[in-house]
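What follows is a short report on a single structure.
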Protein chains: 2
Amino acid sequence: MAESPRPKRKREEEEEAAGAEPHDGAAVPAFPLAELRLRRVLRESAREKAVFLHGEVPGEAVSPSGEGANAVVILEKTPFQEEKILDLLKKHTKLELQMRNDIYSTYHLYPPPELSEIKTTVVYPATEKHLQKYLRQEVHLIRETWEDYKSITLPFIQSQSFSIQWVYNILEKKAEADRIVHENPDPCDGFVLVPDLKWNQNQLDDLYLIALIHRREVKSLRDLTAEHLPLLRNVLQEGKEAIRKRFGVPASQLRIYLHYQPSYYHLHVHFTALGYDAPGSSVERAHLLADVIDNLAMDSTYYQKRALTFPLRADELLFKKFQEAGRV
Amino acid sequence: MAESPRPKRKREEEEEAAGAEPHDGAAVPAFPLAELRLRRVLRESAREKAVFLHGEVPGEAVSPSGEGANAVVILEKTPFQEEKILDLLKKHTKLELQMRNDIYSTYHLYPPPELSEIKTTVVYPATEKHLQKYLRQEVHLIRETWEDYKSITLPFIQSQSFSIQWVYNILEKKAEADRIVHENPDPCDGFVLVPDLKWNQNQLDDLYLIALIHRREVKSLRDLTAEHLPLLRNVLQEGKEAIRKRFGVPASQLRIYLHYQPSYYHLHVHFTALGYDAPGSSVERAHLLADVIDNLAMDSTYYQKRALTFPLRADELLFKKFQEAGRV
């Protein structure tokens, strides 16, 4: 939910900022995983079978108190591979009956090591910022009135110098030009459709594209009026058509929506595969483009009147602004 | 998404219908998993690390063509257990460096069998109905206008004899009376709040409650008008307050919404933990109660005018009705 839509880009920025040079993997010794001291579980996901750990590497004292150096270790069980399922059924080391009731039974199956890989990601040495990033944060819903928007959210957006140069680079064909799936070049009612960086385009299951509008002054849902209907209808119709042509996915299997709050304040529309439980597609953050169009057609100032709900992490600055205003 | 809100109840009904007596696990031999012939993968979830298989038990010929008996086998990797994480880090059988770049590195870790349990569920013998149940079905979005509702959906609802006796049993205290978390007994504007059967109440992470209204003639969102505002405001305010008192979860950490289409046509409201990615909380099916209230306050006939989007599985009868009407 709190995930960034451009994680790779963020990652690149972090590294650029640190002036880090990527090392060659060959010469570097493996991380001493077996010696790691487990400090705490930062976060876990029972549904996704993943856990985020804060560990300490002993012998690497970096503080006068003798503390070791911090590491973040992420363990994630891997999806089943179809070609290895038969092996799994035949080569299990143990099969324990747990429960049997009529035609239903459950077992504990213990596979050999080569069939139970765990993807392990290490961030080492990790700073306090890395630890914070992976620490489970409380999330709260905000119900933002139009007055809240004007007095809290808008000043916050304006005070931040969010860089959206990467959006302009795409619109101006200075970056990702070869990735453009469709463009309507009209400066007022046009847009560019590109695959989201989260989608590797290897399979359609998690199809994810983004439409970036050419106009530059529309920050979010809150700025939309009936004036933007031709633009929004172009995005909806041409976006569907382009995805059907390029990827063979019919419009009825696309979830097409905007986020509020968005991750960056240049209006964009998400296109994801309906069967894909995309992060940020929950009702508390997503707004179907078809509903947005109908709302604006009914009332041009719909989004300048209505209260809107959205989630914020307790460590986000905007959350603090709402707290200061006594609105949480 | 297509999951039933009362799976246990369904399961009980199935068994009752079959007149099945639960067997005692002790005397029954283990299912011959190693000999299973793999027919096909019915469905898989890369995100949840689960796979649903159609297998055939050889030697159990049940048809003249010599086919074996069918089985459904569900494999699901298990969540990490906090107390076993240290073992996992220390007792891995192999650790392979995959990639290293600056402070980031990734590894393949191969744990010993006792630390990589797979939960295995077997349905055997399985009927064609069981296979269909687990087979991945295409899901399509429907954009239902008010005219579609009157000419397709409403006649469909009326033609079905959906039994909602279990709802009446709760409202009349004939069942689950000890589970009631809160009740407003007003016959017009009152409701009963109960934990959903999916929630075992052992942890708050996946908190899930349902408010069932006392009035019996309100089928869904489509029937709501400004007349229902007092009822809906009671559900919102009293529901929040009761959950805060009983479970200590603040209102800002609750996702409160209706489904359209609902699973049963007696108006009910879902209360789920914000941090829990509950099935059916996506934008294409969920409607925030706070938004519903604002829409009705703005226009009493909002839900008798507006097009509404919802997903349907291709094998659902209502989907066929929309197809016949040329609306898909």
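Glycine too: its Cβ is placed from the backbone N, Cα and C atoms.
Automated prediction, rather than curation, is the source of TrEMBL annotations.
Here is what TrEMBL records for this protein:
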- B:1-26: region 'Disordered' (REGION)
- B:Trp166, B:Glu176, B:Asp196, B:Lys198, B:259-270: substrate binding site (BINDING)
- B:His268: active site, nucleophile (ACT_SITE)
Worksheet item: Just counting, how many other CB atoms are there within 10 A of the CB of B:Tyr265 (substrate binding site)?
Response: 18
Worksheet item: Per residue, counting other C-beta atoms within 10 angstroms of the C-beta, which of the binding-site residues B:Leu267, B:Val269 reaches the highest number?
Response: B:Leu267
Worksheet entry | Residue, out of the binding-site residues B:Gln261, B:Ser263, whose Cβ gathers the largest set of other Cβ atoms within 10 Å | B:Gln261
Practice prompt. Look up B:Ser263 (substrate binding site) in the DSSP assignment and reduce it to helix, strand or coil.
Written response: coil
Worksheet, complete the sentence: Neighbouring CB atoms within 10 angstroms of the CB of B:His259 (substrate binding site), all protein chains considered, total 19
Worksheet item: Of all the recorded positions given, B:Asp196, B:His268, which residue's CB has the most CB neighbours within 10 A?
Response: B:His268
Discussion item. Can you tell me how many other Cβ atoms are located within 10 Å of the Cβ belonging to B:Trp166 (substrate binding site)?
Written reply: 18
Worksheet entry | Between the residue listed as 'active site, nucleophile' and B:His259 (substrate binding site), the C-alpha gap once rounded to whole angstrom | 8
Fill in: Coarse DSSP state, helix versus strand versus coil, of B:Trp166 (substrate binding site)
helix
